[in-house]
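**Q** Per TrEMBL, the features are:
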{"type": "TRANSMEM", "residues": "B:30-54", "note": "transmembrane segment"}
{"type": "DOMAIN", "residues": "B:68-118", "note": "domain 'NADH-Ubiquinone oxidoreductase (complex I) chain 5 N-terminal'"}
{"type": "TRANSMEM", "residues": "B:84-104", "note": "transmembrane segment"}
{"type": "TRANSMEM", "residues": "B:116-134", "note": "transmembrane segment"}
{"type": "DOMAIN", "residues": "B:134-428", "note": "domain 'NADH:quinone oxidoreductase/Mrp antiporter transmembrane'"}
{"type": "TRANSMEM", "residues": "B:140-159", "note": "transmembrane segment"}
{"type": "TRANSMEM", "residues": "B:180-202", "note": "transmembrane segment"}
{"type": "TRANSMEM", "residues": "B:250-268", "note": "transmembrane segment"}
{"type": "TRANSMEM", "residues": "B:280-301", "note": "transmembrane segment"}
{"type": "TRANSMEM", "residues": "B:308-330", "note": "transmembrane segment"}
{"type": "TRANSMEM", "residues": "B:336-355", "note": "transmembrane segment"}
{"type": "TRANSMEM", "residues": "B:375-395", "note": "transmembrane segment"}
{"type": "TRANSMEM", "residues": "B:456-473", "note": "transmembrane segment"}
{"type": "TRANSMEM", "residues": "B:507-529", "note": "transmembrane segment"}
Amino acid sequence: MELTFYIAAAVAILSTVMVITRYNMIHALLYLVVSFLAVAVVFFTLGAPFMAALEVIIYAGAIVVLIIFVIMMLNMTQEDVQREKEWLQPATWVGPAILSAVLLAELVYIVVAADTPAAGAVVAVDAKFVGLALFGPYILGVQLSGILLTAGIVGAYHLGRQKKKVIHRFLQERSAAA
Amino acid sequence: MENLLWLIPALPFLGATLLVLFGTRLSKTLAAVIGVGSVGVSALITLLLGIGFLSARPAFYHQEVWQWFSVADFNPSIAFHLDALSMVFIFVITFVGFLIHLYATAYMADEPDFSRFFACMNLFVGSMLVLVMADNLLLLYLGWEGVGLCSYLLIGFWYKEPANGYAARKAFIITRVGDTAMAIGLFMLFQLFGTLNIQTILAEAPEAWAVGSQMAVIVALLLLGGAVGKSGQLPLQTWLPDAMAGPTPVSALIHAATMVTAGVYLIARMYVVFELAPVAQLTVAIVGAVTLLLAGFSALTQYDLKRVLAYSTISQIGYMFLALGVGAWSAGIFHFMIHAFFKALLFLCAGAIILTLHHEQDMRQMGGLRKSMPVVFWTFLIGAASLAALPLITAGFYSKDQILWYTLAGPGGNVWLYAAGLAGAFITSIYTFRMVFMTFYGESKTHVSHPPGKRITVPLIILAILSVVGGFIELPHNFGHVVLFSDLLAPVLPGITAGKILAANEWLFQLLAALFSLGGVFVAYLFYLKSPSLLRSVKRSGTAMALHRFWHTGWGFDALYNTLFVQPYVYLSNINKRDVIDSFYTGLARVAEGFHVMFSQTQNGILRNYVMGIVVGAIMILTISLLL
Amino acid sequence: MSTTVSMEAALLLAGILFMLGLISVLIRRNIIFMLISVEIMLNATGLAFIVAGTRWVQPDGQIMFIFILTMAAAEVSVGLALILQIYHQLKTLDSDAANFMKG
C-alpha cells in the first residue's frame, strides 16, 4: 500500500506539472484528470475510499467536463495555443516560481520540523461515520452548502445569459467621438 | 419666588436663539418685539423678585438648575445665587438694558441687519445675567467670556469697515490678557479649595489664609488682572475708547453701563480674598486712582463725542475701583448703579445727537443744539450734571462724595488717593461741561434733520429721572442720613466706618468736593463759552499742544504697546514665516503622499500582481512566525 | 488496509500540489488556466484535510473535504459564467485585459 501511495503521489505531481506547462488547454485538462485520479488513489491509500469516489465523480467528472464544455463554446483555435506560448515566457514564470519555491521550502520545513508522533497504521474512516457526522453536528454546514449551490446555479444562470452588449451612454458618446 | 430665578437669564437667551434661527425671516417689528420683549419680561421678573426680596429680606435666593458636568471631584452646576449684590446688578442690567433695547429699536431702525443686532444684544444680556447670578466661579467665567464675545460681535457690528473689525479684535485680545490671568486665578482657587463655589470659597478663605498671606495676594492680583482687563483699567484700558466703533446703544449698554463694570462686580463678589490681601487691595485703589486721572486728562482733549464718554467711563470705573480698594464696598457698588444710569443716559443722548446729525461724531462740528433738540439737551444736561457731581441735586454727587469721603476717612484711606479723587472730580466736571458747551451752545454748524422720536426720548427721560432721584436712597450722615442702599448690601458686603476725628468735619470735605466740581464747571465755562480766545492763547504754546497730543492719544499707551508687544511679535513671526515646527508635519504629509503614489501604482487591475502580493505577504508572515 | 503511510509525505504532497497550482496562477494570463490552477489548489487543500482526518481517525477531515468540493463546484460554475461574459465583452481570455475596473 505504501508503494501505491508513492507511485500515486509521483503521478499526481508529474501530471500537475504537465497541466501547468501545457499550451493547449485540452491537453492541460487531460493531465488534470490524471492528476485528480492520482489524488483519488492517494485518498484511497489514506483510508478515505468514499472521498476517493467523490474526487473521481465530481472533480475528474463534473468540474473538468464543465470546463471542457466552456472551452468548446469559446471555440479555441491554433492561434490561441500560439498566443499561450507567447504568454508563457521564462521571464514570466521564473519570479513566481522562485517565490513559490520559497513558500514550499517553508511549508516543508514546518511539516518536517513539527514534532509529529510516529504514524501508526492507517485506519479507515468509512462513509458511515462521515455521514453520521455530516448530518449530526455539521447539519448547519450542509444546509449552508445547499444555499451556496443554489446561489451558484442562480448566479451562473444570471451571468451566463447572452445579453445584448450594453455600453453606458457616457462611453457610447466617447466611442462615437473617437 | 426662587423658582423664577432661572427665567431671568433664560429669557434673553431664548430671544437670542429665536432671532438667530429665524432672524432673517422675521419682520423688523417682530424682531424688535422679541428682542425688547425678552429683556422686558426679564426685567418684570426681576422686579417681582426684587419686591419679594425687599419685603422678605432673605439672605439670598438660590436655585440649582442642573448639574453642569462632573469630573472626578469637580462638580460645577448651573446654579443661580441671588443676593443683594447680584440684585443690584440684575436690576441695572435688565432695566437699563430694557430701556436701551427700546431705544435701539428706533436707533437701528434703518439697519438691514436688525435682527442680528438684537440677537447679539439679547445674548449679551443673558450672558451678563449669568455672570452676576452665577453660583460658582466657573459659571461666572462662562458669562464673563460670553459678554466678551458679545462685546466683540457688537463692536464689529458694522464689519464692512475694516477699522471696526480692528477695534473689535483689539477689544477681544486685550481683554483676553486679563481673562487669562483670571483663569489662572480660578485654577489656583480650585487647587486650594477643591471647589469653585463662590460662597464656599468666601466662607473658607479666612480659615485657610492669614491676612496678607502670599497665596491670598497672588490669587487676588490674578483676579484683579481679569477685572482690570474687563473694566478697562490701567494697564489694559486701551481697548475701551476704540470700542466706540460699535453702534451707540452698544456703547451705552456694554461699554458704559454693564459689561465694563463686571470687574467691579468680580472684586466686590470676591471681597473676602481682597480683604485677606491688603497689598492687592491697595493695588486696586492705586489702579483706580491712577486710571481716573489718566482717563480724565485724555477725556479733556478728545473731539469725538463718544470717545469723551468712553474716557469718562474709564475714569468713573476708576472711582469704583478706588472705592473698592479702600474697602468702601457699598460705595463702589452705589457708584456703579448711579453711573449706569447717567452714563447710559449720556450715551443715548449722544446717540440721539449723532443720529440727528447724520452720524457726525465730532464735537467741533456740533453746537447750538440747545434750541433744536430741547429734550435731548435737558436730559443730557441732567446726565452731565450727575457725571460732574454737581452738589445736592444730582445722584452722582452723593455716590462720588461717598467714595471721596471714605477714600480719606475710611480705614484704608489715604491723603494721596483722596487728592487724586478730588483732582479727578475737578477734571471730570471740566470735560463734562466742555462737552455740554461745545455741543449745545454756540452757533449751530450742522443741519438738524428731524427731532428724535418717542422711542428715543422716553428712555432718556426715564434715565434722567433715575439719574437724579437715584441718589436719594443713600444720603450722607450729616445730610439726611438715608442708608437704604448700604443697608441692602450690608448682609453681603461689610460696612465701613469713618475715622472719628475726621467724621466731625465731614461737611468741610463735602464742601470741598462741591467746590471742586463747581470750579470745574466754571473753568469749562470760561474756556469754551465766555472767552474762547483764552483757549486759543493756551493752544498757541508748544508745550500745551504737545501735552494735548499726548493726552489725545491716551497717554501714548497704544504706541507703547505697539513697540513693546506688537512689533516684537510681528518681528518674531516674520522670522518664523516658513513655520519651522510645522515642517515636520508637512514632511509627514509628504511621506504619506509618496506612499500613496507608490501604492496606487499597485492598483493596476492586473490580477496576477494581486496574487503575487498575497504570496509575498504569506511568505513574510510565515518567515516571521518561523523566526520567532 | 492496515498499512502505514507517512503523514509527512502525504502533507508534503499536498504542499507540492498547492505550490504548483499557485505557480500556475501566477504565471498564466489565460483566465481559464487560472481557474484550473485554483481548482488544483483547492484540491490540494482538500488533500491536507483528508490527511489530518486520517491521522486523528476522525470524520471531520472528510467532511471539510466535502464542503470544499461543494464550494469548488459552485465556484467553477459561477467562474465559468463570468469567463463567458468576459469573453463576450472583451473578445479575449487575457486577464490583463480586464484591468479598467469599469462596468
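Keep in mind that glycine also has a Cβ here, set from the backbone N, Cα and C atoms.
Keep in mind that TrEMBL annotations are predicted by a computer and have not been checked by a curator.
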**Q** Using a Cβ-Cβ cut-off of under 8 Å, list the residues of the same chain that are 6+ residues beyond the ends of the transmembrane segment (B:140-159) and lie near it.
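**A** For the transmembrane segment (B:140-159), the nonlocal Cβ contacts are 113, 116-117, 120-121, 123-124, 126-132, 134, 165, 167-169, 171-172, 175-176, 179, 182-183, 186, 198, 226, 230, 242-243, 245-247, 250, 254-255, 258-259, 262, 266, 269.
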**Q** Pull the DSSP breakdown for the domain 'NADH-Ubiquinone oxidoreductase (complex I) chain 5 N-terminal' (B:68-118) and write it out as helix, strand, coil residue counts.
**A** 29 helix, 8 strand, 14 coil
**Q** Within this structure, do the transmembrane segment (B:456-473) and the transmembrane segment (B:84-104) have 3 or more Cβ pairs under 8 angstroms, counting pairs 6 or more apart in sequence?
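**A** In this chain the transmembrane segment (B:84-104) contacts the transmembrane segment (B:456-473) - 3 or more Cβ pairs sit under 8 Å.
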**Q** Residues sitting near the transmembrane segment (B:336-355): Cβ under 8 Å, six or more positions beyond its termini, same chain?
**A** 88-89, 91-92, 96, 99-100, 103, 107, 247-249, 251-253, 256-258, 261, 264-265, 305-306, 309, 312-313, 316-317, 320, 361, 366, 369, 373, 376, 379-380, 382-384, 386-387, 395-396, 398-399, 439, 452, 456-457, 459-460, 463-464, 466-467, 470-471, 485
**Q** On average, what pLDDT score does this prediction assign to the domain 'NADH-Ubiquinone oxidoreductase (complex I) chain 5 N-terminal' (B:68-118)?
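**A** Result for the domain 'NADH-Ubiquinone oxidoreductase (complex I) chain 5 N-terminal' (B:68-118): average pLDDT 87.
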**Q** Near the transmembrane segment (B:250-268), which same-chain residues lie under 8 Å Cβ to Cβ, leaving out any that are not at least 6 residues past its ends?
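**A** Same-chain contacts beyond the ends: 85, 89, 92-93, 96-97, 100, 103, 121, 124-125, 128, 131-132, 140, 144, 147, 150-151, 154-155, 157, 182, 223-224, 226-233, 240, 243-244, 274, 284, 306, 309-310, 313, 317, 320-321, 324, 329, 332-333, 336, 339-340, 343-344, 346-348, 351, 493.
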**Q** Among B:30-54, B:280-301, B:375-395, B:507-529, which stretch has the most Cβ pairs under 8 Å to the transmembrane segment (B:456-473)?
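**A** By Cβ pairs under 8 Å, B:375-395 leads among B:30-54, B:280-301, B:375-395, B:507-529.
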**Q** What else in the chain is close to the transmembrane segment (B:375-395), if you only count residues 6 or more beyond its ends and a Cβ gap under 8 Å?
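**A** Apart from its flanks, the transmembrane segment (B:375-395) reaches 312, 316, 338, 341-343, 345-346, 349-350, 352-353, 369, 401, 425, 428-429, 432-433, 435-436, 439-440, 451-452, 457, 460-461, 463-464, 466-472, 510, 513-514, 517-518, 520-521.
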